[in-house]
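Novice: Got a structure for you, written out below as structure tokens; questions coming shortly.
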Amino acid sequence: MILSDEKCDFLESIASFLGPKDVELVFVDSKEMQEINLEQRKQDKTTDVLSFPLENIDESLPLGSVVINVDLAKEKAKELGHSYEEEISLLFIHAMLHLLGFDHENDNGEMREKEKELIEYFNLPKSLIVRTLG
């Protein structure tokens, strides 16, 4: 189940498919995202999505938190010619894979391949990352 103040029913099927644990979902603007990115990652710039896994000390705790930049999601959706909800779904999949332990910076393409499989399964448009894979 997704824990969020925003209505995001369209993401529930993705969250349920990827696991039984709850996930906190937060929507922010570009300025807020830049502040979070600076505080958490020492990067003084905005970004589209961040994920923060929680230590699995207690099974009742959520898997972690996903923070999505709505400003960049709207821009990217317009640029790539798909809906805002589709872009949010693409970002959510990417972040969920990070929460599940995938890391595209250190693996041999496993995360990208899993992301591609999920995008196809949920009949979403290809993300920019998947488009660059060929």
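Cβ from N, Cα, C; glycine included.
Dumping what Swiss-Prot says about this protein:
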- His94, His98, His104: Zn(2+) binding site (BINDING)
Novice: If you count the other Cβ atoms within 10 Å of each Cβ, which of the binding-site residues His94, His98, His104 comes out on top?
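Specialist: Selected residue: His94.
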Novice: Helix, strand or coil for His104 (Zn(2+) binding site)? Use DSSP.
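Specialist: Reduced to three states, the DSSP call for His104 (Zn(2+) binding site) is coil.
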